[in-house]
C-alpha cells in the first residue's frame, strides 16, 4: 500500500483539515463515526482509500492524520464536533499557550516542547503503514504555529524519514487583507527554513479564494468555511488519484517528477474548475474543453499573480469524473494553438494528465454545485515570483526600521536569521528570473561572469 500521512498544523491547517476529511468521508461513504457500510472486507486494508484511512478490527476507519496546534480552542472544536469519533484522541495534539503569531515561539520556545510528542504520534501512524509514501502538511505562512512549528517539524521529519516526500499545502498571506501585521516576517522565515525540506508546496491565498467565492458562487461575504470547502475540493482533486483507482493514476512522487524542474522551484500554482453555484450549473454544459480553458484564466487561480507575465515550466492537469483521453487531448491541443500561453523554450511539451473516473463530490448544503466533471491544474510558472516579490517588499519596509523584531529576538532568535532568510528569498526570486530566460539568453549571461 502507498500510504500518506496528513499533518495539520495551526488554526489554518486544522480548519482546512476539517474541510478535507469531511469531504473524503463523503467521497468514500464513511460515516462520522468511522463506519463504512460499503466496505465488505473488514479489517483488511487493500482498498485504494486505505492510503488515507487505516482500518481497525471492528471495521472503523481512522484517518491517517495528526492535528497539531499550540493552543487548544480550534482543535477542541474537532474534539466536540460532528467528526469527534472519527479521530483517535491521540491524533489531536494541543499545547497550552499560543504561538501568538510569532515564528520564534512556534519554532523555538513553545514548539520545541511539543515536537517530540508530535513526532511520536507520527511514528505510530507510520508504523501502521506498509509502504509510507510521504507526508501532506497543511499550514499557513502567516501564523506563529503555522510558520514556526511547521518549519521545526519539517526539519525533524527530514531527519527521521529522509527520503519520504513532503508536500505542503500552505496558505499564503493575501496581498490586501491581512490577519497579522508580522505575516511577512513569519512567511519569509518559514519559507527559508522549509525550502530545502519541502519537495513541493501548493500555495493558496485567501484573497484569491474570496474573489472566486464572490464572483463564481455569488457569496457576498465568504466565511472561512466557504474558503476551506473550496480548498478541500482542490486537495481532494490532487489526492483523488491516491484514493481511487483511475485510468491515469498519479502518485505523490510523480507530482514532483513532473512539476519540479529544479529543487528550489517547487511552488506550483493551483487552479480549479468549475467553481460554480447550483443555480448556474443547471444551465451549463461544462465540457472538457470549457473547464480546461477556465484553468488558464488568472481569475481562477488560488494565488494572485498573472501567468501571462510569466512562462510555464510544467503543467499537470488532473481530471475527475466523466472525462475521456480523447477530449483531453483535443482541449490541450486547442490551448497550445492559443499563443497566450507561453512555455519556457527548454520544456516544449509540458503537460501531464491524470484522469480519475470518480466524479467530484460536494458537501450537501454547501455552495458548490454537483458537477459531472472537474479539473484541477497544477502549473509551475515563473509568475509566482510576483508573489514572493510582494512579500519581500513588505518584509523590507518593516525590517528597515527593525519593527517588531524584538518580539522574535526575545524568544531566542538572532537578528542574523532575518537577514539570512531574506537573502535566501532574494536568491529564490533570482532563480525564478533565470529559469524564465531562454536558454540562449541564459548562456550569454553565464558567459559574462567569467
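Backbone N, Cα and C define each Cβ position, glycine as well.
Summarising the annotation, Swiss-Prot assigns active site to 254 and lists similarity to another entry as the type of evidence. When secondary structure is read from DSSP and collapsed to three states, residue 254 (active site) falls in the helix class.
Counted within 10 Å of its Cβ, the other Cβ atoms near residue 228 (GTP binding site) come to 22, all protein chains included. Annotation note: residue 228 (GTP binding site) sits in a helical segment as assigned by DSSP. The GTP binding site annotation in Swiss-Prot covers 11, 71, 140, 144, 145, 179, 206, 228.
As annotated by Swiss-Prot, Mg(2+) binding site applies to 71. Proximity of residue 71 (GTP binding site) to non-local residues of its own chain (separation of 6 or more, Cβ distance below 8 Å) is seen for 94, 95, 96, 97, 98, 99, 145, given in sequence order.
According to DSSP, residue 40 (N6-acetyllysine) is assigned to coil rather than to any helix or strand. Residues or ranges marked as N6-acetyllysine in Swiss-Prot: 40.
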According to DSSP, which kind of secondary structure is residue 179 (GTP binding site) found in, if we only use helix, strand and coil? coil
In sequence order, which same-chain residues at least six apart have a C-beta under 8 angstroms from residue 179 (GTP binding site)? 142, 143
Taking only the Cα atoms, work out how far residue 40 (N6-acetyllysine) lies from residue 228 (GTP binding site), in Å, as a whole number. 32
If you tally other C-beta atoms within 10 angstroms for each of the binding-site residues 140, 206, the top scorer is 140
